Amino acid sequence: MASSLAAENKTMGLVTDKCCLQQCVNKTSKFLQPGDARVNVRAFESKSKGAKSMAVDWREGGVASFHWPCWAELNRATKNPTPAITLSDVERSMILDAMKTAEFHDSDADISAMAKKIADTLKHSIHCIAFTGAGISTAAGIGDFRGIHGKWTERDKVKNYGAKGASKSKKEGGTPVQNLRPTYTHEALAKLQEMGLVKFLISQNTDGLHRLSGIPADKLAELHGNTFVEKCEKCETRFERSFPCRRGIGAFEKKCDKCRINHRTGRRCSEKGCDGYMINTIINFGDYLESDVLSRATAEARLTDAVLVLGSTLRVSPANDLVAMSDGPSRLMICNRQTTPYDAVCKLIGPDDEPMGYRLFGDCDILMRNVMRFVLSPEELCVWEDGRQARMAEYAMKRTAV
């Protein structure tokens, strides 16, 4: 399946799909063809942008796209000049800055080959769990954190370089959370759970899209909460709403002792004889994870013999510890655009002389489209994919416009 390089390049501000290294070292072509492996980066924007003396043809916003070998050559040149590349101090700083948020994409051929291995693992595992991060929801219209235009990337650019560091192509506001709908990946995970191939799902996301896609509450641990779920401060009964449970404003407000933010929504518990204040379930910085949610996730993680990680950089603790917590041998499968601290684990050789995991760089939707081709028969795949329009109508009925 061809990747959307041209569309992505347009979003990034790239006006051509030519490799941005002036002295491209790729042997087959200086152009990035649809389906080629590539690296997309973003540095701070320099006044010298476009100068012939620069090694990189930087585009507006400090973005650039390269063949993998060309990006590797640039990395080497930041340490020592190479025969083809000599960097100025400014451009060396730009490349070092770009390394922090570089996004990698494997070729379509590699994605297809890896998807078959992942599908085979899903079919033969005894207790496979999935672990998801913000990267699976970007296609739904929600921003990620560490990508080229991620929330934390934008914050760091403004902090370090002022207004010129902010992305000019970044849309303000984003999609209202109640208008978000499950992506292909969300639906694929729900289908795999329905088929019994994924036994449990652990998510760092708060957008509520896993529940909306049909994952049962008892098969899901939302570590950082759910925007559409609130619970009673007094009896701890949980209520799932069709609208976002935002922080309320009024005399009932009470700052949390840990995060110093008010969690109360303004509603009262409807359980007989309770009348306690309702609070949202969002975990803010400084908050502890809910012990019962973390305990369920930990118990499932210990049972696993395979873990499918989608859209997470696995850098937030203690959530990231869960993917390597199995009490026995476990195969770790990771797909996202950026490196993770667990990439090396995937390359280890296990007791069966097979890799301990599979590491794929790219978009989760592209991977999961390929995985489902190997999990379902052509007829089953056609029926399931054709049902998306009807499912979208069902999702809309479960959300209240605000």
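Using the three backbone atoms N, Cα and C, a Cβ is placed for every residue, glycine included.
Look at TrEMBL and you will find 108-385 tagged as domain 'Deacetylase sirtuin-type'.
Cβ contacts within 10 Å of HIS224 (active site, proton acceptor), excluding its own Cβ and spanning all protein chains shown: 18. In three-state terms derived from DSSP, HIS224 (active site, proton acceptor) belongs to neither a helical nor a strand segment and is classed as coil. Residues or ranges marked as active site, proton acceptor in TrEMBL: HIS224.
TrEMBL lists CYS232, CYS235, CYS256, CYS274 with the feature Zn(2+) binding site. There are 12 other Cβ atoms within 10 Å of the Cβ belonging to CYS235 (Zn(2+) binding site).
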Quick check on the binding-site residues CYS232, CYS256, CYS274: which one has the highest count of other Cβ atoms within 10 Å of its Cβ? CYS232
Measuring Cα to Cα, tell me the gap between CYS235 (Zn(2+) binding site) and HIS224 (active site, proton acceptor) in whole angstrom. 20
Measuring Cα to Cα, how far is CYS274 (Zn(2+) binding site) from HIS224 (active site, proton acceptor) in Å? 26
Quick one: Cα separation, HIS224 (active site, proton acceptor) versus CYS256 (Zn(2+) binding site), in Å? 16
For CYS232 (Zn(2+) binding site), name the DSSP secondary structure in the helix/strand/coil scheme. strand
